[in-house]
Amino acid sequence: MFSAVYWVVITLATASFALISIISKVALSRKGKLISYKSFLPTYLSFSALFAVITTLFITRSLYINYNVVLYAALTGFIYCLAAYFFFFSIEREKVAIIGTVNGSQFILLSFFSALLFLHSVIIVDSIASVVMLIGVILLSVNSVTGVKASKYVFLALAANILWVIMWLIFYSTIPVGVSPLIYYSWLSIFAAIFSILFSIPLRTKWRSIQRYFKSKDIITPVVFAGFFNGFGTVLFSLAYIFNSAYSPLISEISLPALVVISFVFLKERLRITQIIGVFTVILSILLLFLL
């Protein structure tokens, strides 16, 4: 059905998405609290931008875009950075299988808001899938590390998803004819890194904690790998999306069950029954978009 190149690209992108949250959790949960999400994010987004640019240059041999697109890239980069703060704040304090699953619902929200804004005929299907997804998110938030109360970190991750959806809507609606989405995303990632550095000033990020990354191989390694998989994986997914916009998001969601399994095996995370049901409910909501 698809070419061998497509399957290689989408498989690498899917594997990258599954590994980002896992590696980030490893970096943020090290004993001694040498790093926190505040100092992690500027370094992570800088490496993400670096690897996104390298991958884009390897594929397109160019980073040229006109002035107007740079302004949109700056706007979307700002939104990306803000959402990333919410997401990694949640990752630092909650189980990665839970937050990663919430993040996987991003495609549902993107499909729903696209149908709502552009009056697509599939709005009913998208609405049903969105309701099922929200039920899954609620189930994920129950009996979390905070006890029987709903976990605020789950809803912060959902807020990050909404911001990322807004970002992608702006992204895909402002790509001029003849401009590669890969180049556009590279500029977006560059601005996201710049804004994360600027945000670190009012957040009183301790620059000494950032400097520690480069003095310790054990600290810098997971940050570099997380940045690599984010920049490399997202650029590859953009390429796969060009090949096939219908099935690429669905295939990429294979990363959700993979994420749960990896977190169980390597991070020793254990989910309660309600949370496991929540994971499968979110996955079901994604499948509904293609089954209904």
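FYI, residue positions are counted from 1 along the chain as it appears here.
Even glycines carry a Cβ here, placed using N, Cα and C.
These numbers come from a predicted model, not from an experiment.
Marked as domain 'EamA' by TrEMBL: 152-290.
Summarising the annotation, TrEMBL assigns transmembrane segment to 6-28 (among others).
What TrEMBL records for 40-64 (among others) is transmembrane segment.
The feature transmembrane segment is assigned by TrEMBL to 70-89 (among others).
If you look up TrEMBL, you'll see 96-116 (among others) marked as transmembrane segment.
Annotated transmembrane segment per TrEMBL: 122-141 (among others), in sequence order.
Taken from TrEMBL, the feature transmembrane segment covers 153-171 (among others).
Beyond the transmembrane segment (183-203), the same-chain residues lying 6 or more positions past its ends with a Cβ under 8 Å from any Cβ of the stretch are 38-39, 41-42, 45-46, 48-49, 52-53, 56, 60, 62-65, 69-70, 73-74, 76-78, 80-82, 84-85, 167, 171, 175, 231, 234-235, 238. Residues or ranges marked as transmembrane segment in TrEMBL: 183-203 (among others).
Feature annotation from TrEMBL assigns transmembrane segment to 223-243 (among others).
The transmembrane segment annotation in TrEMBL covers 249-267 (among others).
Long-range contacts of the transmembrane segment (274-291) within the same chain, counting only residues at least 6 positions beyond its ends with a Cβ under 8 Å from a Cβ of the stretch, are 97-98, 101-102, 104-105, 107-108, 111, 125-126, 128-130, 132-133, 135-144, 250, 253, 256-257, 260. Here TrEMBL flags 274-291 (among others) as transmembrane segment.
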Stretch with greatest number of CB pairs under 8 Å, the transmembrane segment (153-171) reference, 6-28, 40-64, 70-89, 96-116, 122-141 candidates: 70-89
Which of 6-28, 40-64, 96-116 contacts the transmembrane segment (70-89) most, counting Cβ pairs under 8 Å: 40-64
Per-residue pLDDT averaged over the domain 'EamA' (152-290), given as an integer: 82
Contact call for the transmembrane segment (96-116) against the transmembrane segment (122-141), three or more Cβ pairs under 8 Å: yes
